[in-house]
Number of protein chains: 2
Amino acid sequence: MVKRGMLIVLSGPSGVGKGTVRKAIFEQGGNDFVYSVSMTTRQPREGEVNGEDYYFVSKAEFEAEIANGGMLEYAQYVDNYYGTPLKYINKTLDEGYDVFLEIEVQGAMQVREKMPDGVYIFLTPPDLKELKNRLVGRGTDSIEVIDKRIETAITEIKMMQNYDYAVVNDEVPLAVDRIKDIIRAEHLSVNRVMPEYTEMIGELER
Amino acid sequence: MVKRGMLIVLSGPSGVGKGTVRKAIFEQGGNDFVYSVSMTTRQPREGEVNGEDYYFVSKAEFEAEIANGGMLEYAQYVDNYYGTPLKYINKTLDEGYDVFLEIEVQGAMQVREKMPDGVYIFLTPPDLKELKNRLVGRGTDSIEVIDKRIETAITEIKMMQNYDYAVVNDEVPLAVDRIKDIIRAEHLSVNRVMPEYTEMIGELER
């Protein structure tokens with residue numbers, strides 16, 4: 001029997017750089033995990049590719065997927081839907097591959113309820129000023145949107161206690177290394193490896 | 001206020017190579033943790049240095065230390081005492097340094113009761129045959145001692161479930177890397193960093 005893969009969930013406040021970190025993880029390569037592309041109704045940003053960064057769909061298409069029970073999680077955030085299509089995730093886990101999700105915090109909590117065995121990683125800004133600078137620096141959002149996002153970010157940081165790990169995104173390569181450390185360490189956690197050792201004990205006793 | 005250091009406990013069955021792995025970790029250097037030398041009444045093996053590998057003491061000296069309440073943990077194992085002198089450990093942790101212990105499994109469980117916040121790592125043999133080969137290969141023990149050790153090892157592997165992580169000692173450099181991954185990841189665990197973030201939230205709300 002193939003050992004079921006591990007679900008890895010990267011989340012964190014909007015603007016913290018989840019997408020950049022996730023991209024850097026997969027560009028670096030050498031990973032034993034598969035990226036599960038999210039679905040959203042928001043407009044693609046400069047350079048974002050449909051089917052790679054997100055599945056970009058219309059509001060009607062997204063709501064149809066919800067109605068069909070096809071979403072592992074979804075959330076409405078700054079007037080857009082974001083979510084994870086269920087198809088492929090369980091199949092990939094059953095085949096023994098780890099699956100990597102990069103999702104918003106509302107969605108991460110829905111996933112945690114359904115898949116408590118996952119590894120939940122919260123990406124944090126070094127401080128609020130930095131978060132604000134990043135949002136302004138992006139130059140694609142209005143002041144009102146930025147203020148709303150910061151307020152949301154405070155709420156989200158309070159949600160950190162629902163995660164297993166907190167990774168500061170001070171520098172992308174450092175954040176990438178930390179996330180990879182966490183994934184390697186989690187594979188060694190006794191809760192995850194105990195079934196194999198129970199079998200080994202059986203052999204020692206023969 | 002200095003953030004209190006983290007206690008790291010490496011344990012595992014006798015003969016699994018705890019001492020070799022621990023030595024390799026410290027010979028590699030670049031560590032942010034301090035080694036706490038154990039105390040034992042057993043004879044030094046070839047190449048072992050008093051005060052580096054162990055404090056080698058007489059049975060009378062060891063029992064006096066127990067009577068004085070000076071041991072964090074101790075165990076009798078194959079007719080010898082092994083234990084961790086308490087002096088320096090709390091002081092070192094309070095100064096903000098992580099402390100690394102390499103101890104027998106009986107002792108590790110005593111430490112876990114007193115210091116549940118520590119990171120408990122169980123070093124495992126790839127399989128029993130390998131364990132037996134190592135004990136025989138060492139050539140310093142009688143068949144009776146070896147058989148007794150194997151029986152004890154089976155019991156100890158069953159104790160793995162009391163640990164946080166299981167690291168296979170298939171190759172020392174790999175085991176060293178795994179242990180260092182675990183230590184880095186543990187520093188990112190939400191339980192350990194939450195106090196800092198609680199403070200950060202206070203600043204965001206101002």
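Backbone N, Cα and C define each Cβ position, glycine as well.
Taken from TrEMBL, the feature ATP binding site covers B:Gly12, B:Pro13, B:Ser14, B:Gly15, B:Val16, B:Gly17, B:Lys18, B:Gly19. According to TrEMBL, the feature domain 'Guanylate kinase-like' maps to B:5-184.
Looking at B:Gly12, B:Pro13, B:Gly15, B:Gly19, the binding-site residues in this record, the fewest other C-beta atoms within 10 angstroms of the C-beta turn up around B:Gly19.
Within 8 Å of the centroid defined by the CB atoms of B:Gly12, B:Pro13, B:Ser14, B:Gly15, B:Val16, B:Gly17, B:Lys18, B:Gly19, the record's ATP site, lie the Cβ atoms of B:Leu123, B:Pro125, B:Asn169, excluding the listed residues themselves. DSSP assigns B:Lys18 (ATP binding site) to a helix in the three-state reduction. B:Val16 (ATP binding site) counts 26 other C-beta atoms within 10 Å of its own C-beta, drawing on all protein chains shown. Every protein chain considered, the tally of other Cβ atoms within 10 Å of the Cβ of B:Lys18 (ATP binding site) stands at 22.
Note on B:Gly17 (ATP binding site): other Cβ atoms within 10 Å of its Cβ, all shown chains, come to 19. Computed over the domain 'Guanylate kinase-like' (B:5-184), the whole-number mean pLDDT of the model equals 88.
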